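Peer 1: Let me begin by handing over the structure; questions about it come next.
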Amino acid sequence: MNQFYKRHFLRLLDFTPAEIIALLDLATELKKDKKSGCEQQKLVGKNIALIFEKDSTRTRCSFEVAAYDQGARVTYLGPGGSQIGHKESIKDTARVLGRMYDGIQYRGYGQRVVETLAEFAGVPVWNGLTNEFHPTQLLADLLTMREHLPNKSLNKMTLAYLGDTRNNMGNSLLEAAALVGMDLRLVAPKACWPEEAFVISCQALAQKTGGKITLTEDIAEGVNGADFLYTDVWVSMGEPKEVWQERITLLKPYQVNMRVLALTGNPQVKFLHCLPAFHDDQTTIGKQMAEQYDLPGGMEVTEEVFESAHSIVFDQAENRLHTIKAVMVATMSKI
């Protein structure tokens, strides 16, 4: 029986550094098998519930395709497709679905919801995203970084994350860096730094793994020598418009553009983004942002960077599939 069998995947700190590497190795193997057409199905006969309280493209598609590739079946429960938290408690929903399904994915709001599902379902529960953490995204990020710097181990890599570092991506990057011993720089105005107690706890773990976690407002200092630059959207569509103006004004200096890439001093620096990205005006929201806030070349990242050879965002997006598949296979297959 493998070490992950019947375990949950709720946040990265539930795992050891060696276990994170093992999941990445499994994802690499599964990706290779899929590309070569020799993938072995280990989840035949399994049924999976996908609970989405927030809309999704990459996460939903990754879970569905990964399940189909492995011979499993899925039921999609969208934002209006279940009674969870409305007419039925999370606890009761967990106990019902746990009787019918072999695994449950949850993408929604509070971390406490996915933790309650895990406590009462009796089957593996996976966190597809909460307000606090996005662990499946970080597995894909780490796999992508390994692929693009094959001669460097993760504990020798440097990543700078620019923008609003208080969100689920900032939190999960802190956990990932602490676990694998990476040099992580969070580059943002102090108003957008993560909770201090959480940062201190991750820094303490990083000291044990050989990692380094730095928070700075200085862009040049933060990106110097970085192997990877990472950013995410500055505003969420559920937030009031008043917040947009304040946030964009605050974060505009932290836009990832060619000047910032040059400040790394690394001509081979790569750009990461968990997507979707506001890099042009080809979407309704993107056009609105460009016109209203004078951002013709993109918001958190410019079109020039996004479409450049530095950008590996679509490799990163593809790797959501392979890493999510690894999590499902590891937690639902005995072998």
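The backbone N, Cα and C atoms fix where each Cβ goes, and this holds for glycine too.
According to Swiss-Prot, the carbamoyl phosphate binding site annotation covers Ser56, Thr57, Arg58, Thr59, Gln83, Arg107, His134, Pro135, Thr136, Gln137, Cys274, Leu275, Arg320. The L-ornithine binding site annotation in Swiss-Prot covers Asn168, Asp232, Ser236, Met237.
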Peer 1: Sort Cys274 (carbamoyl phosphate binding site) into helix, strand or coil using the DSSP assignment.
Peer 2: coil
Peer 1: Reported as an integer number of Å, what is the Cα distance between Ser236 (L-ornithine binding site) and Cys274 (carbamoyl phosphate binding site)?
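Peer 2: Between the alpha carbons of Ser236 (L-ornithine binding site) and Cys274 (carbamoyl phosphate binding site) there are 14 Å.
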Peer 1: Cα of Thr136 (carbamoyl phosphate binding site) to Cα of Asp232 (L-ornithine binding site): how many Å, rounded?
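Peer 2: Spelling it out, the Cα of Thr136 (carbamoyl phosphate binding site) and the Cα of Asp232 (L-ornithine binding site) are 15 Å apart.
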Peer 1: Looking at Cβ-Cβ distances, which residues of the chain lie under 8 angstroms from Arg58 (carbamoyl phosphate binding site) while being 6 or more apart from it?
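Peer 2: Spatial neighbours, sequence-distant, of Arg58 (carbamoyl phosphate binding site): Leu275, Ala317, Arg320.
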Peer 1: With every protein chain in view, how many other Cβ atoms are within 10 Å of the Cβ of Arg320 (carbamoyl phosphate binding site)?
Peer 2: 27
Peer 1: Measuring Cα to Cα, how far is Ser56 (carbamoyl phosphate binding site) from Asp232 (L-ornithine binding site) in Å?
Peer 2: 15
Peer 1: If you count Cβ atoms within 10 Å of the Cβ of Asn168 (L-ornithine binding site), leaving out that atom itself, what do you get?
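Peer 2: Neighbour count, Cβ to Cβ under the 10 Å cut-off: 21.
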Peer 1: In Å, rounded, how far does the Cα of Asn168 (L-ornithine binding site) sit from the Cα of His134 (carbamoyl phosphate binding site)?
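Peer 2: Taking the Cα atoms only, Asn168 (L-ornithine binding site) lies 6 Å from His134 (carbamoyl phosphate binding site).
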Peer 1: Could you state the whole-number distance in Å separating the C-alpha atoms of Asp232 (L-ornithine binding site) and Cys274 (carbamoyl phosphate binding site)?
Peer 2: 6
Peer 1: According to DSSP, does Thr136 (carbamoyl phosphate binding site) fall in a helix, a strand, or coil?
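Peer 2: Where Thr136 (carbamoyl phosphate binding site) sits, the three-state DSSP reduction gives helix.
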